[in-house]
Amino acid sequence: ETLFSPVSTEEVPPRLLSLPKKPTPKICGSNYPLSIAFIVVNEFCERFSYYGMKAVLTLYFLYFLHWSEDTSTSIYHAFSSLCYFTPILGAAIADSWLGKFKTIIYLSLVYVLGHVVKSLGALPIIGGQMVHTVLSLVGLSLIALGTGGIKPCVAAFGGDQFEEKHAEERTRYFSVFYLSINAGSLISTFITPMLRGDVQCFGEDCYALAFGVPGLLMVIALVVFSMGSKIYRKPPPEGNIVTQVAKCIWFAISNRFNNRSGDIPKRQHWLDWAAEKYPKQLIMDVKALTRVLFLYIPLPMFWALLDQQGSRWTLQATRMNGNLGFFVLQPDQMQVLNPLLVLIFIPLFDLVIYRLVSKCGINFSSLRKMAVGMILASLAFAVAAAVEIKIDRMTPPQPGSQKIFLQALNLADDEVKVTVLGDENNTVLEESIKSFQKMPHYAQLHLKTKSQDFYFYLKYHNLSVYTKHSMEEKNWYSLIILEDGKNISSMMVKVEENKTTNGMTAVRFVNTLRKEVNISLGTDISLTVGEDYGVSAYTTLQSGEYPAVHCRTEDKNFSLNMGLLDPGAAYLFVIINRTSQDPQAWKMEDMPTTKLSIAWQLPQYALVTAGEVMFSVTGLEFSYSQAPTSMKSVLQAAWLLTVAVGNIIVLVVAQFSGLVQWAEFILFSCLLLVVCLIFSIMGYNYVPIKPEDLQEPADKHIPYTQRNMINLETKKTKL
């Protein structure tokens, strides 16, 4: 018999006797429960779903919803921030109400619903701009609730499947679990941009497919997880330690405030004011926790830089040439470098770099590793700023107010002298252009008003022709000179700015033949160009080699060699027949594009990923070593909150800074350097706790929820 002396007025809930459980099925006779196979597959599919959807999100905002770059960046980071706030809610639901299994099931259903709504919002045939925007925001909100809500539950639920005597197998399980996260991220970040860019639906990039496939993977994740329902170990909710810590801190603060009289003796630590209500051990653990949380204050700035890979860096990639010769990279595919380099850098740093530093006699502590990680991320943004400046220098200037850009294309058989006169007969441009040549560059003409007439004097052999063309400000124009027998004429064509900078290219055709030409550019892309110098509209197609494009007139079939089409460029093809053979295509770049290779982003990705490995992995390891075992979940929640706050920082800067892009990169780089300095000072003054100081007494396994209710004093025990 055991006698108890209660010291709390709270009622103790009756505890059920734990009946012996039947053994759980194992994998191939090992000590690994069969149930973890369902959990690992579920995590792979869920991470594929999340990262695949997120990879194309910024370009979806920019090109489908037609938001500005700043708005696209802000919404992207608002969504990312929400995904790191909702784990707190998911953990509270699982620990205090539903348990981990039901929380994962119910929030996965919300997750799937979010994907369905998001995919519907990417279908051009459903509603207009407002409908697409509403569906997208509702879908993203549901996805954020789903992915964030199950984030703290899945890994812990997998750990619950192991018996205590199989701790070694449980450690290996977590390694496989995090490998599945990286595998899902790596594969999906590579595949979904291809689904978006390489597949055309409704005449444009197929965002509905790029969102639908990750949604399908989430359905598979839910089905696979549900299949293991009968063999899971499902521990009941045990109370949320995060809530208890928050209540303890709040009680200490309020109690100190209520007893601020000078007559009341001071206490050694402000948390000691919670002693009236909470056990001493809990207060001691919270004290250790607050020492670590104090070091967390500067951390959000690092995440503000790291998470811009999917927003600002992807937008930077849209202005670069993705053609690597052997493969054309989509702008959003560059994000695949991060999980790929993480898998390379973690063993490289652990097995090589850290050991070399140690052999050199340098004390490379955890806090120093984190500071170096911050410096590397800061350098990455300095490199990104340098790349951005290079892009700006190589990008052709845009015509401003009361300005136009003009080039002339001579399709006549001989040289033509072109003179452009203003409205006062003053010469504003004079150029001699050879047959089938163009002006070496666009000429900039100034207008006196928003729209102005210009007079063109064309001299061809002994023939002189005067024509008048009206042009509007802020536009590009091509003057096409035509020959008809012994006479010449001209037509003015406005060059449309190519918005398909997301790995696509744009082409248009001028048909000099006497017959209409039908051109097939793909299985579902064809156009017709009228006879006698008919001009087609721009057609968007995938960049790459086009050696034989099928064409047809009413009495003849032939092929045109269009050559290599660079991503982001706009081309003009003139169909001519100057020999007795088949017609040919004369190719010229209609609008110049940036020639800087997307490979120039590799150094900044390498630097920021190295910084992530040194900062993130080391930071979690250090945090766990400096806090009691009971506070691990609180630390995880606080760590996720630093990521959320970091995304909010990017949102604020993107909306209100008003800086050009390279200057914004420099701003973030400098801010992180300042934060790194502050963190280094905090770390220098921090006194690490030895692991043995955190060892808990033998009875420490009793949950705080039970300790808070009753203190058991054993009077007599008879076995």
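Even glycines carry a Cβ here, placed using N, Cα and C.
The transmembrane segment annotation in TrEMBL covers 48-68 (among others).
Same-chain residues lying 6+ beyond the ends of the transmembrane segment (74-94) with a Cβ under 8 Å from its Cβ atoms: 54, 57-58, 61, 67, 100, 103, 107, 137, 140-141, 143-145, 147-153, 237, 240, 242-243, 307, 310-311, 633, 637, 640-641, 643-645, 647-648, 650-651, 654-655. The transmembrane segment annotation in TrEMBL covers 74-94 (among others).
Residues or ranges marked as transmembrane segment in TrEMBL: 106-127 (among others).
What TrEMBL records for 133-154 (among others) is transmembrane segment.
According to TrEMBL, the transmembrane segment annotation covers 175-195 (among others).
Residues 38-39, 41-46, 48-50, 52-53, 56, 60, 64, 104-105, 108-109, 111-112, 115-116, 118-119, 122-123, 188, 191-193, 195-196, 199, 201 of the same chain lie 6+ residues outside the transmembrane segment (207-225) yet bring a C-beta within less than 8 angstroms of a C-beta in it. The transmembrane segment annotation in TrEMBL covers 207-225 (among others).
The transmembrane segment feature in TrEMBL is assigned to 288-306 (among others). Proximity of distant same-chain residues to the transmembrane segment (288-306), defined by a Cβ-Cβ separation under 8 Å and at least 6 residues beyond the stretch ends, is recorded for 245, 249, 271, 367, 373-374, 377-378, 380-381, 608, 611-612, 615, 619, 623, 626-628, 631, 634-635, 638-639, 642-643, 645-650, 653, 668-669, 671-672, 675-676, 678-679, 682-683, 686, 689, 694.
Long-range contacts of the transmembrane segment (336-357) within the same chain: residues 51, 182, 185-186, 189-190, 309, 364, 601-602, 605-606, 608-610, 612-614, 617, each at least 6 residues beyond the stretch ends and with a Cβ under 8 Å from a Cβ of the stretch. The transmembrane segment annotation in TrEMBL covers 336-357 (among others).
If you look up TrEMBL, you'll see 369-387 (among others) marked as transmembrane segment. Within its own chain, the transmembrane segment (369-387) has Cβ neighbours under 8 Å at 301-302, 305-306, 312-313, 316, 596, 600-601, 603-605, 607-608, 610-616, 618-619, 622, 662-663, 665-666, 668-670, 672-673, 675-676, 679-680, 683, counting only residues six or more beyond its boundaries.
Long-range Cβ contacts of the transmembrane segment (637-659) within its own chain (Cβ-Cβ under 8 Å, at least 6 residues beyond either end) map to 70, 73-74, 77-78, 80-85, 87-88, 91, 151-152, 242, 293, 296, 299-304, 306-308, 311, 619-620, 623, 667-668. For 637-659 (among others), the entry in TrEMBL reads transmembrane segment.
Residues annotated as transmembrane segment in TrEMBL: 665-687 (among others).
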- Item | Listed stretch, out of 48-68, 106-127, 133-154, 665-687, that has the most CB pairs under 8 angstroms to the transmembrane segment (175-195) | 48-68
